[in-house]
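Q: What follows is a structure written as structure tokens; I'll ask about it next.
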Amino acid sequence: MAAYLLAVAILFCIQGWPLGTVQGQVMPFMEVYRHSVCQPRETLVSILEEYPGEIAHIFRPSCVTALRCGGCCTDESLECTATGKRSVGREIMRLSPHKGTSEKEVMQFTEHTDCECRPRSASGVNSRKHKRNPEEGEQRAKFPFV
């Protein structure tokens, strides 16, 4: 029994380590840099965020993987932006509680094929660095919309 518990503890410890590294090992600079650049990355995408008109349904899984641009640019005035896109299908299960039905179907999602660091839009820079408050003239919605 003790050997079993030790094996389980070791398994949990190993699963917590980043893939391809050994605990205590330092990832070399070029590998860190290669992983951080602006490029398409596997990202979890919420089905309801992509299809907000489908709130009457439950989806399983509730999110899918898709390649989306992400990573660092060399300057804060730049952002990682998609320069190429394609549509990909993902098979999901749609549950309709009001009808009491469920069915598999293919839903389309946008996937990024190419990414590039491009200048941020003027509104993007302002909204990230400075959030306005009611005293500055911004109208805020009342409760429950905070």
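Cβ coordinates are placed from backbone N, Cα and C, and glycine is handled just like the others.
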Q: For CYS117, what is the disulfide-bonded cysteine listed in Swiss-Prot, choosing from CYS72, CYS73?
A: CYS73
Q: With every protein chain in view, what's the tally of Cβ atoms within 10 Å of the Cβ of GLN25 (pyrrolidone carboxylic acid), excluding that atom itself?
A: 10
Q: Between CYS38 (disulfide bond) and GLN25 (pyrrolidone carboxylic acid), what is the CA-CA distance rounded to a whole number of Å?
A: 25
Q: So what sits near CYS80 (disulfide bond) in its own chain, CB-to-CB under 8 Å and at least six residues off in sequence?
A: CYS38, GLN39, CYS69, GLY70, GLY71, CYS72, CYS73, CYS115, GLU116, CYS117
